[in-house]
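Presented below is the structure to which this report refers.
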Amino acid sequence: MLLQFLLLSLCVSVATAKVITGVFNSFDSLTWTRAGNYAYKGPNRPTWNAVLGWSLDGTSANPGDTFTLNMPCVFKFITDQTSVDLTAEGVKYATCQFYSGEEFTTFSSLKCTVSNTLTSSIKALGTVTLPISFNVGGTGSSVDLESSQCFKAGTNTVTFNDGDKKISIDVDFEKTNEDASGYFIASRLIPSINKVSITYVAPQCANGYTSGAMGFIVLTGDTTIDCSNVHVGITKGLNDWNFPVSSDSLSYNKTCSSTGISITYENVPAGYRPFFDVYTSVSGQNRQLRYTNDYACVGSSLQSKPFNLRLRGYNNSEANSNGFVIVATTRTVTDSTTAVTTLPFNPSVDKTKTIEILQPIPTTTITTSYVGVTTSYSTKTAPIGETATVIVDVPYHTTTTVTSEWTGTITTTTTRTNPTDSIDTVVVQVPSPNPTVTTTEYWSQSYATTTTVTAPPGGTDSVIIREPPNPTVTTTEYWSQSYATTLTITAPPGGTNSVIIRVHSSTNDESSESTFSTLSVPSFSGSISVVSIISRPHYVNSTVTHLPSSSSKPVDIPSSDAVTSTNDNSLTSLTGSENGKTSVAISTTFCDDENGCQTSIPQGSVVRTTATTTATTTTIIGDNNGSGKSKSGELSPTGSVTTNTATPNVPSTKVPSNPGAPGTGVPPPLAPSTETQTTNNVPGSPNIPATGTTDIIRESTTVSHTVTGNGNTGVPMNPNPALTTGTSLTGATNSATNPSHETGVNTGSGGSTNIVTPPSSATATVVIPGTDNGATTKGQDTAGGNSNGSTATTNTQGGNNEPGNQPGTNTTGEPVGTTGTQSVELISQQTTLSQQTTSSLISTPLASTFDGSGSIVQHSGWLYVLLTAISIFF
C-alpha cells in the first residue's frame, strides 16, 4: 500500500513539473584569474570567473520545476565539480548540473532543478560563481571554426540567456603575443574525454606553397596519438589568437602511428596556410614532442626548421586523471538543444567512463494549412544520420462576404473573425448607388458608342448612347388640300426615318377621258372649233367616236372647209359637216415626257363632235410632209396629226381659229415654230359640200396611251406595242382608184394623206400607229382580222353600186374589202395598265365637251342656241 502511494506521488510530481525561465536575472561580474603560466589574458586562458544573480519565487516556481542557463562560446567549466547548488542562508533551493560544450557544442550550459525546500511562501535570491574558459577556436571541427568568430581582441560583450531572459556584461580580452607569421602550436585539454587536442599551423608563405611537410614525434612522456581523429586542411586566415577561421581541403599524404604523425603537401595557393589537428592521450605532466617544419614558398627554396616543445598543463580543480579510458558517444534526441552527460560509473567495477552527447536530430519543418481553428504539430522521426520532419498544420479561415449599402460616401470593409468556427465574415458597406440618366443621341460616325459618366456618391450618373443616323425614306403623296406639308417620322435607333411630303393634287394631273352624248338633230351647216390649253399630263388620251347613220346621201365638202393641224404640242382644228347620220368625235391629249410631264408646260386638248354622211375621219402619224417613217416606241420629231371631218354649218362660237393670236385670249402653242399642213381632197373625188343635215347617234371608243417621245411633237405613241411597225401610216398622193371596192387607206408608202369619200356609204376609218404591216384590213372582225389593227373600215349603208359612190385610193392595187352589214366595228387593242384600251357604249342624250384636265364642261348657253337653230333647219 505504501509503495502504491509513493508511486502515485511520484507520478503527480512528474506530471506537475514545468519549465520556468528568468531565474538567472543578472550578470554581476566576469574576472580573469591566471591558472597557468600564460603570458596574456586571452579568452581561452583559464580561469574566467562569472558571477551571476538568481532568484526563486515560490508563488511561480514549484519543486521539480527546471530552468537552464545557456552560455554561448564557453568551452568548459574549470572545476572538478559536476554541479553547483543555489543556496541562501545555507538552504539549498536548486541544484545545477555542469554541461561543458568543449569541442562538441558551441556553448556550455547549466541545468537546474528546484528543490523541495521552496514553498509558495518563500522567495529566495542570491549569486553563483562559475569558473569557465571561452572557446575561440583551435581545431578544424565545425564547432571550433564557428567559435573562432565569437570574439576579437579588445572589448567584447558576453551574453548568457535563461530562456527569454538575457544577461550580459562587457569584458576586455587581450590578443596573443605570438608571431602570426611563424609556425603556431596549441594544445588544449578536454576533461570530459581526458584527451589533449594538438593543433599545428605551418609558417606563412604570402605567395603560396610549392611543397612542405609537418608533423611531430613523441620524445618523452606517456603520449599516444589517436590516428582516427586527424584533420588536415588549409585556412584562409587566423583570428586574433592564431586559430584557423576556415578549413578547405587540399591534396596531402598522411603517415600516422601512435608515436608520430607526418603530413606532406604541395601547391597551396596564395593566401592560404596548411594546418592539421589530432587527439592525443596524455598522462603525467612531462611531455616532450619534436616537430617537423619543412616548407618551400613559391619562388623560394625549401626551408627545414624543426623544433622541440614541452607541453605543460594547468591546475584543474579536479582532473579526474585516474588513467581510465574515457569514451564519448553521441545520441540523437528530440530536444531542441544539445547536452553532454556522464553515464553512471563505478571505478571498482566499470573500466570505461562514458560521456554521452545528447544531440538533437536535424529536422526540417513543413508548414501546411487547413480550414480550421487550432494549430497542430506532428513529427516524423528518422534514424541517426538522417533528417526528421516536423509538420506544422496552421489553420486558416474561409470568409463569406456580406455587402450592404449605407449613406456614407466611401466603401468600408470589416472582417469579423470567428473564434470558434473556420468561417469569418467580411462586411462590405458601399455607398448607395447614384440614379442614372440615359441619353440617346445621334452623331456623324457610322458606329454606336456608350459613355458612362460616374458622379460622386450622392450625384447622378449619366449614360450617353451615341447612335449613327438612321436612313431616311422620302415619300411624296397627293392630297386634296391646297397647301403642301412635310411630316418627318423619326424611328428609334436602327430603324428608318420617314419623310412624307403631301402636295396639292390638281385635277389637271388626271387623264381626260369620257364619252359624248348622242342627239338626233336636223341638217345644218356650221363649224365648231374648241381649243384649250392645259398643263401637260404624263399620258395620252385619244377618243374616237363613230356611229352608223340612219340614212345617207352624198355631200360635198368644199376644199376651203378642210381641217388643218399644226406640228406643235396643241391640236387646233375641228370641222363639222352635214347630210348624214354618222357622228365622229375625237379627243386627243398629248404629253411630251422627255423632261417629265410638268404642269408648267401647257398642252392641248380637243373635243370634236361631227355630223357627216359620207366623210372619212383619219388620224395619221407622220412627219410634216407625210413621207417619214415612224419607229416602234418613238415619235417623229416633226410629226403632226391631221384630222379631216365634214361638219354642218353651225353658228360660229367665235372660237379663234388661230390659237395664240394676239387678243384671242388663247395661249400660244409650246413649239417655237408652227408648220400647217392642209389636207386636200383625193383627186377624182367630188367636193364635199359644207352644209348638210344629220341625226347624231353616239357610240364611243376610248384609247389611252403613255407617251415616251423624244421631241416636242405632241404626237401620241403607239397605244399597243404589239401593233408596232416601222412603216409610216400614210397614203400615196398618186394612188389608183378602185371603183368596185370600198375605199381604205394604204399605209405602205409615204406621202400626204387625203380624205377619201365613197359614193354612198358612211365610213369611219382610224389608222392606229405602229402596226405590223402596211396592209389594209377588212372592217369585218374575223379571226386574225383587226387584232393587228392597221385600218378598220365600216360600211354602214348602201354598196359600191349606189349613185354617187367615188372610187377610193389604193396604192398597192389590191382590193381593200367591204362589209355589207349595218354594224359598226370598234377597234380596241388591250394593253398594259400604262397602255390601257377601253371600249364603252354610251347613249346618254347629253351634249358635252371636255377641257384639258378631263372635266366635262356643260355648254348650256350655246347648246340652247344650237338646238334652236337645228329646229329651224329641221
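Note: Cβ is positioned from N, Cα and C throughout, glycine not excepted.
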* Cys205: disulphide-bonded cysteine as recorded in Swiss-Prot, out of Cys150, Cys227, Cys256, Cys297 -> Cys297
* To do: Based on the record in Swiss-Prot, give the one of Cys73, Cys227, Cys256 in a disulfide bond with Cys150.
  => Cys73
* Of the listed cysteines Cys11, Cys112, which one does Swiss-Prot record as disulfide-linked to Cys96? -> Cys112
* If you draw a 10 Å sphere on the Cβ of Asn253 (N-linked glycosylation site), how many other Cβ atoms land inside? -> 11
* Asked: Which residues, given as numbers and ranges, are at least 6 beyond the ends of the repeat 'ALS 4' (473-501) yet have a Cβ under 8 Å from it?
  -> 440, 442, 448, 465, 467, 509
* Structure fact -> DSSP assigns the residues of the repeat 'ALS 3' (437-468) as 0 helix, 18 strand, 14 coil
* By DSSP assignment, list the helix, strand and coil residue numbers for the repeat 'ALS 4' (473-501), in that order. => 0 helix, 17 strand, 12 coil
* Asked: Tell me, what is the mean pLDDT of the repeat 'ALS 4' (473-501)?
  -> 89
